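Undergrad: Take a look at the following structure, please.
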C-alpha cells in the first residue's frame with residue numbers, strides 16, 4: 001500500500017522511558033476493503049498504558065501512541081465490510097488483529113493467539129507499528145471492531161473494552177455466572193468495580209474483599225455488593241470460610257493467596273486477572289484437599305467482548321470514570337501510578353485533542 005494512500009493522524013505519544021506524552025503526527029493506513037475507519041471520541045487510560053509508556057516490561061518501541069479502550073463513530077468502511085456502516089457507534093479493545101487460523105482463533109480466543117496484534121505498540125503483519133487510541137482516528141479490520149449499544153454513553157463504555165471483558169470472560173468461561181452463586185471480588189479499583197456490576201447483573205451474590213474498611217460503603221451502598229470483607233480482619237475471614245463458588249482477584253500488588261483459598265468452597269476457583277510484578281506464593285494443600293483451582297485470564301475474544309458489551313447495554317453497565325482533557329493526560333498518568341483515580345480515567349479525545357500548528 002503506497003504512502004500516497006495513507007491518511008494523516010495526530011495524537012499523543014511517549015517518545016522515551018520518561019513516559020511523558022507529547023503531540024505526535026503520524027500516518028494510518030488507507031481503509032482497506034475489510035477495514036473500518038472511525039473518528040475517536042473517547043479513549044480510556046489503562047494501567048498497561050502507563051507501564052508501556054515507561055517501558056516497565058522492556059517491550060516498548062518508541063514512539064508509542066497508547067490506548068486500547070477506544071470508542072467513536074464510523075466514518076468510512078471498506079468495500080467488503082458487511083457489519084458496519086458510517087455513523088455506527090463502535091470500539092476497539094486490547095487487540096487489533098490475530099492470525100485467524102490457529103486453534104485459539106478458531107475457538108474464538110483470539111486473545112491467546114501466538115500472533116495476536118496489540119492495538120498499541122505492536123508490529124503489524126505489514127511490519128508497521130500499531131498506534132492506539134490517544135489519537136484522532138482509528139482504522140481496524142472489521143473482525144476486531146465492537147458495536148457499542150446506542151443506549152450506553154460512549155465515555156463510560158470505553159473502559160469496558162478492556163476492564164469489562166477482563167472480568168466478564170473468566171466469569172463466563174469458568175461457569176461463575178449462574179444466578180445464586182456466591183462470587184468474591186478482590187480489590188475495588190478499575191477492574192473490581194466493574195466486576196461487581198457484571199456479577200450482580202448475572203444474578204450472583206457478590207462479596208467484595210478489600211484491605212480497607214473505608215471502601216465498605218462504596219461497595220455495598222453504591223455498587224450493590226451483598227457483603228464486604230476486610231481481608232486483614234481474621235474473624236471476618238474465618239466466618240466467611242468455605243462460602244464462595246469463585247473469586248475474581250483483580251489486585252496487582254503482592255498479596256497472600258492462602259486466605260482467599262480459604263474462602264472458597266470445595267471445587268472453587270480463584271481467578272487471577274491482576275498481574276503482580278513479583279511471584280506470589282501458592283500453598284498447595286488447600287488445592288489438594290479441596291480440589292480448588294487457581295487460574296489466570298487475560299481480556300477476552302472478540303465474540304465474548306461483543307457479548308459483554310451487549311449485556312452491559314441490557315443492564316446499563318458502564319465504568320465509573322473521571323473524564324479528562326488531552327492536556328491533562330500526563331497528570332492523570334502520575335495520579336494513576338499512585339492509584340489516585342475513581343475508577344478509570346477517560347480522555348475526551350474529540351473535544352480536546354487538537355493537532356499542533
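Placed from the backbone N, Cα and C atoms, the Cβ positions cover glycine too.
So Swiss-Prot says this about it:
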- 46, 68, 69, 162: Zn(2+) 1 binding site (BINDING)
- 48, 166, 187-192, 210-215, 250, 274, 297-299: NADP(+) binding site (BINDING)
- 99, 102, 105, 113: Zn(2+) 2 binding site (BINDING)
Undergrad: Check the binding-site residues 46, 99 for other C-beta atoms within 10 angstroms of each C-beta and report the one with the most.
TA: 46
Undergrad: Can you tell me the three-state DSSP label for residue 105 (Zn(2+) 2 binding site)?
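TA: DSSP assigns residue 105 (Zn(2+) 2 binding site) to helix.
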Undergrad: For the recorded Zn(2+) 2 site, enumerate neighbouring residues of the same chain (Cβ within 8 Å of the Cβ centroid of 99, 102, 105, 113, site residues themselves excluded), in sequence order.
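TA: Residues close to the Zn(2+) 2 site, other than 99, 102, 105, 113: 98, 100, 101, 103, 104, 106, 110, 114, 115, 116.
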Undergrad: I'd like to confirm something. Which of the binding-site residues, 99, 105, 188, 299, has a Cα closest to the Cα of residue 68 (Zn(2+) 1 binding site)?
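TA: Closest by Cα: 299.
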Undergrad: If I restrict to non-local contacts, at least six residues apart, and a C-beta distance under 8 angstroms, what lies near residue 299 (NADP(+) binding site) in its own chain?
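TA: Non-local contacts for residue 299 (NADP(+) binding site): 93, 94, 95, 111, 162, 165, 166, 169, 305.
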Undergrad: Nearest to residue 274 (NADP(+) binding site) in three-dimensional space, by Cα, is which of the binding-site residues 46, 69, 99, 102, 113?
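TA: Its closest listed neighbour, by Cα, is 46.
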Undergrad: Could you measure between residue 99 (Zn(2+) 2 binding site) and residue 46 (Zn(2+) 1 binding site) for me? Cα positions, answer in whole angstrom.
TA: 25
Undergrad: With an 8 Å cut-off on Cβ distance to the 46, 68, 69, 162 Cβ center, who else from the chain surrounds the Zn(2+) 1 site?
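TA: What remains near the Cβ centre is 44, 45, 48, 49, 67, 70, 93, 94, 158, 159, 161, 163.
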Undergrad: Pop the Cα-Cα gap between residue 113 (Zn(2+) 2 binding site) and residue 191 (NADP(+) binding site) into the table, whole Å please.
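TA: Checking the Cα atoms of residue 191 (NADP(+) binding site) and residue 113 (Zn(2+) 2 binding site) gives a distance of 23 Å.
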Undergrad: According to DSSP, does residue 188 (NADP(+) binding site) fall in a helix, a strand, or coil?
TA: coil
